Amino acid sequence: MEEVRCPEHGTFCFLKTGVRDGPNKGKSFYVCRADTCSFVRATDIPVSHCLLHEDFVVELQGLLLPQDKKEYRLFFRCIRSKAEGKRWCGSIPWQDPDSKEHSVSNKSQHASETFHHSSNWLRNPFKVLDKNQEPALWKQLIKGEGEEKKADKKQREKGDQLFDQKKEQKPEMMEKDLSSGLVPKKKQSVVQEKKQEEGAEIQCEAETGGTHKRDFSEIKSQQCQGNELTRPSASSQEKSSGKSQDVQRESEPLREKVTQLLPQNVHSHNSISKPQKGGPLNKEYTNWEAKETKAKDGPSIQATQKSLPQGHFQERPETHSVPAPGGPAAQAAPAAPGLSLGEGREAATSSDDEEEDDVVFVSSKPGSPLLFDSTLDLETKENLQFPDRSVQRKVSPASGVSKKVEPSDPVARRVYLTTQLKQKKSTLASVNIQALPDKGQKLIKQIQELEEVLSGLTLSPEQGTNEKSNSQVPQQSHFTKTTTGPPHLVPPQPLPRRGTQPVGSLELKSACQVTAGGSSQCYRGHTNQDHVHAVWKITSEAIGQLHRSLESCPGETVVAEDPAGLKVPLLLHQKQALAWLLWRESQKPQGGILADDMGLGKTLTMIALILTQKNQEKKEEKEKSTALTWLSKDDSCDFTSHGTLIICPASLIHHWKNEVEKRVNSNKLRVYLYHGPNRDSRARVLSTYDIVITTYSLVAKEIPTNKQEAEIPGANLNVEGTSTPLLRIAWARIILDEAHNVKNPRVQTSIAVCKLQACARWAVTGTPIQNNLLDMYSLLKFLRCSPFDEFNLWRSQVDNGSKKGGERLSILTKSLLLRRTKDQLDSTGRPLVILPQRKFQLHHLKLSEDEETVYNVFFARSRSALQSYLKRHESRGNQSGRSPNNPFSRVALEFGSEEPRHSEAADSPRSSTVHILSQLLRLRQCCCHLSLLKSALDPMELKGEGLVLSLEEQLSALTLSELRDSEPSSTVSLNGTFFKMELFEGMRESTKISSLLAELEAIQRNSASQKSVIVSQWTNMLKVVALHLKKHGLTYATIDGSVNPKQRMDLVEAFNHSRGPQVMLISLLAGGVGLNLTGGNHLFLLDMHWNPSLEDQACDRIYRVGQQKDVVIHRFVCEGTVEEKILQLQEKKKDLAKQVLSGSGESVTKLTLADLRVLFGI
């Protein structure tokens, strides 16, 4: 095949041969590999046949460059493989037909000439002709194995005579033999055995069935070109009564001839295919036969191997063989990395040949025409060291560890074993193991044994520091299934933290192994083309284990007892949740996500879990010395605690402490608030408490992080070199309250909580999904749910928008997440909790004429900026060099567009994405009150919007800068239009303020006992409302970010009391979580937010367990504004969250630039 490139795409073309009846049958054409390309070039290369299936014509050939290889290989496929749906039959090294790189020796020159004939004389090396233009011998060599067996005894006798002649042969003759480039190797016949056949049946099959499975590469290698002709190593087998050893001969310097250490293989038979006289391999074949006879008849012979000069063979310790008595064994060559070779038909062992092992390959320099190239990396070759002696040992047939003597040096030994492990994993990844009778169990067991040996080497004190990168071999083991069937009443179970492994929560190593330098090396290596198959395999196994764990999951009717020491009885749904929590702490990973609707008593449920496990530990009196066994060897914890670390927003730390004091008997649980400037930082003291409560901000402050750790699994994060007591303690349990605070995996808080060490991990949140599926990934990373805590695998296997990804997400949520809503019914048809009625009231408002005029000015300017941005965005495409699918930018900017470039100057107007979103924010403020336009955007409020503006952008973000003029004026100019100054005064009643006051007055007239909660995302809006409430004589209190936690709890208690204030003003971000405002039954949402879950959280401040009155939720929407469009976007986000939490696995909808078009009517 020639090197033909497509003139349009520049890629190598495929060579296509017509095989159907018609005018093009037997003709060949070069065609571009791109589906849409029409490039075709005819050629006169004749038809050739497949090396695997010699009766079938090769219909497709292509030059491909395997990953991590420097030379192209010629891949081919015949019509048989095409009919079977296979990608390729195999590949051979490719060299340009015009190349002049031939061997120096005469015989090698002849071989080179036969291999590198011009394309118009012979098409590729599939049908190699000898120097007399006659068909090659390989077809004759593989047939008639029965005749070979008959002549076996005669050949051995002849071999003795030849051996004597060989001993007398002169050095010059030996040198001539060496010049041919052949390295004699033992040969084997192969046969497929059934697992149940033993004894006489095996012997019988050995006599009759070994012909059809001969390894074709063994034959092919006899006729290769170059000065280093190699053949795949095979092994010979003695009868059970004989003891055989491998032999290596040490020759003199002028006639160095090296034979490979050939371990005995299981059931291999010593049959030799003898070539015809006069064949080009006759002399070398005779020498090989003589050496084999010597190996049989001689006693224990010392096997030595001299170090070879460059250009000679070096041993490739990739695979191994195992001695056992019996008949012939089936053997196969592993497929080329990344390519499915006949679906691995001959690449992997199965139960049909259970007692055999992989082929030991003799690797040659690149370019040797082995059908499958399996050469070592140059660096690996240089590091290999081999012993001078070879000792045969008998091991179990399924052993995955080579039983040849490995290098005594730990460095070389690990390289030696790692090389074997890589090949076996490559074989496993390239094979459809589901098609094998034993599902690939034998190969998996071999990989596990190799990993165990390598794990032992990693822990060895002899290991040098320079070996760290090589020692990090992925660990894989069988899953363990929990078989304990849940009783109708679940007893408390102790934390199973003894003897378990936190790294790889599903007993699988994370898909990403992280080196000390911070770089990641993905599972089974990014460097192989089979990485996709490897990722698919580990993902499927992890999902399968989670799915199987559901078999032991407690049903809806299963409840747990109230723990001793709890003052208040648990409600039915809380008892059911406690049963589920206890079950999850016995699974992998230990812990999960409690995502009950807000107001269902998640705090009390978690307190009950802590109390239950404490009571159980006291009963069993477990020794503290064994508590660290669940930690990874990399974890550096100084103290072990049986306590729980609770991390929550600052506003809730006193709430947690008060709940424990009110709900639990005194002296049952010791609680400590790790907060404030005078906190106790002694790790030994903190480890003695049952509960330690701290805040997200304090954790982020004390635990150092860097941005590169955002995509690294939590188990691999570096925790060294820090003195914070939180990291020095191995906790029994960590609880993240309001866990949506870590929804962005890139922020410091999220990375910091993932570094903490604990046996069980819990994420408690009523809204686990707020924006997109990345929120869910962040929680899984905290839970250390491998392999899904590795970001690249999460994106490729789950968050990929495919149906399969949705199914995987469904399994994850069903296994790890418990979600109940207030309106959910139990098995008897009754609601989970008895709550009063809740009614939503939507108030449609019409802006006043002045307000509408101001709004239209802003809208026109913002719409023009968006149109300009969309034009530039569409023309530029993705030429910015960033991935448009970067999830972190999707979180920051909920429309999936680009991050702001802070280095750019603020244009007038600058049509950046952030600027457009800030203009949208101003439009929403127009709908509330025009006085909001006077102030610059508050950085805290911008953070809630997901916006980050520079100082210059904040000052120029459409504020009424004209108001700063020194000359007093009764009008103000906005974008060329003049408005009255009084429109922007805080005391002026806007449309929404007027409607709000009317509703409040109506509530007071109907019932003086009813109270109201008013929510806004802007603190300035709350100040405006407060002015008007005071003007109308209504008492109020305000909770925003400026109120400290202690004052906040006092204000809540006062509001819930009958004599407290009539109205509570809360900001959406500061007061939207953790507050119990059941004293009020009316809630007013003054403005619209992109994130509907934030509004739902605010609504649940009053609609929760403990509410005695009917609840009314008021929403204000101005007609003809963006608020109407925001309602549509909120529904999209709610649908996304509903699909994920229900585990429906439906396709997810992400917000895009199309939503911006909808908002502005473009």
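Each residue, glycine too, has its Cβ placed from N, Cα and C.
Source: prediction; values computed, not measured.
What Swiss-Prot records for this protein:
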BINDING   Cys6, His9, Cys32, Cys37  Zn(2+) binding site
REGION    97-116  region 'Disordered'
COMPBIAS  105-116  compositional bias 'Polar residues'
REGION    142-358  region 'Disordered'
CROSSLNK  Lys143  SUMO2 cross-link
COMPBIAS  219-232  compositional bias 'Polar residues'
COMPBIAS  233-245  compositional bias 'Low complexity'
COMPBIAS  261-274  compositional bias 'Polar residues'
COMPBIAS  323-338  compositional bias 'Low complexity'
REGION    388-407  region 'Disordered'
REGION    459-503  region 'Disordered'
COMPBIAS  459-485  compositional bias 'Polar residues'
MOD_RES   Ser460  phosphoserine
MOTIF     737-740  motif 'DEAH box'
REGION    871-890  region 'Disordered'
COMPBIAS  877-888  compositional bias 'Polar residues'
MOD_RES   Ser883  phosphoserine
MOD_RES   Ser908  phosphoserine
DOMAIN    995-1157  domain 'Helicase C-terminal'
Residue, out of the binding-site residues Cys6, His9, Cys32, whose Cβ gathers the largest set of other Cβ atoms within 10 Å: Cys32
Intrachain residues whose Cβ lies under 8 Å of the motif 'DEAH box' (737-740), provided they are six or more past its termini: 593, 603, 646-649, 652, 656, 763-765, 767-768, 770, 775, 779, 782, 1073-1074, 1093
Residues satisfying Cβ distance under 8 Å from Cys37 (Zn(2+) binding site), sequence separation of at least 6: Cys6, Glu8, His9
Residues within 8 Å of the Cys6, His9, Cys32, Cys37 Cβ centre (excluding the Zn(2+) site residues themselves): Pro7, Glu8, Gly10, Thr11, Cys13, Arg33, Ala34, Phe39
For His9 (Zn(2+) binding site), the three-state class that DSSP assigns: coil
Model confidence over the domain 'Helicase C-terminal' (995-1157) (mean pLDDT, whole number): 81
Secondary structure content, the motif 'DEAH box' (737-740) (per DSSP, counts of residues): 2 helix, 1 strand, 1 coil
